[in-house]
């Protein structure tokens, strides 16, 4: 055997992986770069960006600015702005890197399971799927999914190493500090690790020690944040926002919306055809690895359904596990697999529907910029209350939304509880400032609803007149000016 050929083979493998990484990066940025300037891409990330920038100015989440997401998410946005500036492109660029990073891990996992070419298809399906199914911008799922995938990679390749499993648990703790709903996934993952470790050594004493170690590491990031808030005298604010408020939100949408299957059917179908293909050809694959894919998909579903209201973008967390489950269906080592890979990639690109999304974004930007121009035409500091609509109107016009700046907290039925303050009180505080401009939904004009909607509707009728209207991110908005 000519052992001198080994370094050459290894170099060729590295070169091929570098090409595959370049392809993943190219496709990721080709999907996303068209929106790097847009203030009307999505709702939540505008608030996260603002909180991140305010953190750089010394303000504390949950104390000076309120939202219920864990601080790890805000730190990602703060770091994005610290490194790349205050523009929208800063956090969207970082989100694209996270999407590509997740695709790379999926590529490695699927490549180990069904060959390098299959891995490349898996990585592309992941990055296109995350864009198409809820994370075209910088939603929490695009960040949270990466440490969860890294955990899976460690389990599949280093399960015999207690240190690697300890690192996986720490990554799980970080995922929870990006989005709390990662916790059920981490529980399923932890049970899977303990089962795997037990099968390796069958030592109850050692396993008990690992339970303690893994539990401490998984909780460590959250405990560290809690300790910081306790040290600065704001533990109550931290605890309420991160834990109590989540369970106080009323069940309005529920866990299964009638439109869910229509919007996310492609992802569910991806998983189902993969399971079907595995059952037909399962002897050719590592059944243990595939069982891990299935268990982690169950963990992802547990995380998605952990809250009383499941929004569509939550399902983005299912994308990587559906893609991995589908590898027997699009196995590039067989001719039919290549054909199926083409079908799936085409289906995901159709779901991404770039022309439609670009057209909607462009139309929304026109309305957004027109509203901003009308608000700022009378000079700075005129006062704005965004009762419903895009949070981005505040920074774009130089206005401050106060401690509770997110419009949804003031008007959305999902937020009737779980804020630590009533929506009516928030509306009264905002209206007491007598803002010159108010942005609200057109449908609220005819609404007979009470609460904050009723308060704002009466104020608009008595003291304001509509001066413009248009659609931004699917919402029909009206801009009012004080008489």
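Note that Cβ sites are derived from N, Cα and C of the backbone, with glycine treated the same way.
TrEMBL does not curate its annotations; it predicts them automatically.
A quick note: this is a predicted structure, and the numbers were derived from the prediction, not measured.
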Inset, instruction - Match it up for me: which of 291-316, 369-394 does TrEMBL list as transmembrane segment? - result: 291-316
Legend entry - Segment assigned the feature transmembrane segment in TrEMBL (from 47-63, 234-250, 319-335, 336-352): 336-352
Legend entry - Touch test for the transmembrane segment (119-144) and the transmembrane segment (207-232), at least 3 Cβ pairs under 8 Å: no
Legend entry - seg_contact(the transmembrane segment (336-352), the transmembrane segment (259-279)) with at least 3 CB pairs under 8 angstroms, min sep 6: yes
Inset, instruction - Take the domain 'Glycosyltransferase RgtA/B/C/D-like' (69-208) and count its residues per DSSP category (helix H/G/I, strand E/B, coil), listing them in that order. - result: 117 helix, 0 strand, 23 coil
Legend entry - Intrachain neighbours beyond the transmembrane segment (291-316), with Cβ under 8 angstroms and 6 or more residues off its ends: 129-130, 133-135, 139, 141-142, 145, 148, 152, 155-156, 181-189, 192, 246, 249-257, 259-260, 263-264, 267, 271, 275, 322, 324-325, 414
Legend entry - Listed stretch, out of 12-35, 164-195, 259-279, that has the most CB pairs under 8 angstroms to the transmembrane segment (207-232): 164-195
